[in-house]
Amino acid sequence: MSSHSSPADTPSARKPVTLHTLREMHARGEKIAMITAYDASFAALVDTAGVDCILVGDSLGMVLKGQSSTLSVTMEQIGYHTRSTSRGTKAAFLIADMPFGSYQENPVQALRNAGTLMAAGAQMVKLEGGGWTPETVNFLVERGVPVCAHLGLTPQSVHALGGYRIQGKDEAGAATLRRHAKALADAGAAMMVLELMPSRVAREVQADNPGLMTIGIGAGAGTAGQVLVLHDMLGVTRGRLPRFVRNFMDSATSIEDAVRRYVAAVKDGSFPDETLHAY
């Protein structure tokens, strides 16, 4: 059995979202709505629903492969899903995760693997961690690779962090996050995912780096935008979900409608609700 149409043929009424577009949105205070997708069909759907950014996340290891962490995801797998997602994306800005082991060795390794993902259709790559990463970020940015950093709960470091725990709860931890964020912004990171940290800390990171586009997930409403895993916000993921997840399918008539509701809630500031989805 075959389909008579391809997601790549889906028309788009929107102009393509570029890094310049996102910076203009941030400058005028418009929130950025990001969501994960891993294939052409869902990419076309969320693109049509109006998301600004699509993240081909290494979360695919958990939501697609059924694994307990993201650590076993490979460059080959991210590349495959980036190519597939790119084919269904007409307007949204496409970001690809750099999987564990693809950038930690040295900046040259990072550039080689980032180049592979850009060739697969990514317009930006995302890498995790503070500390040692600014050198790598700067190396990539100077060579034309836009970078999204990732601080707070960094899933690739789950064992070093002792599990999926809130980061920056005490002042020492908060100060470390602020310091790492400043170093990454100074190194040229255009965007930064802030995951599982107190709202206060995320607000401070954004205030300290006004030109940086911070994207929250479990970091409160004070960031420049929000991201959720598609399967989480559709209620597909089984088991106990993190507090910061909201099921947008509850009142939706279709998956596309659920994603539209998510985009609207991010844009109007009703998601996340600080009393329900923040720490």
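Cβ atoms are placed via backbone N, Cα and C, with glycine included.
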With Asp58, Ser59, Asp97 listed by Swiss-Prot as binding 3-methyl-2-oxobutanoate, identify the candidate in Lys15, Lys126, Lys169 belonging to that site. Lys126
Highest CB neighbour count within 10 A among the recorded positions Asp97, Glu128, Glu195? Asp97
Rounded to the nearest angstrom, how far is the Cα of Glu195 (active site, proton acceptor) from the Cα of Asp58 (Mg(2+) binding site)? 14
Measure from the Cβ of Asp58 (Mg(2+) binding site) and count the other Cβ atoms within 10 Å, all protein chains considered. 27
By a 10 Å Cβ neighbour count, the lowest-scoring of the binding-site residues Ser59, Lys126 is Ser59
Helix, strand or coil at Asp97 (Mg(2+) binding site) [DSSP, three-state]: strand
Ser59 (3-methyl-2-oxobutanoate binding site) and Glu195 (active site, proton acceptor), Cα-Cα, nearest whole angstrom: 13
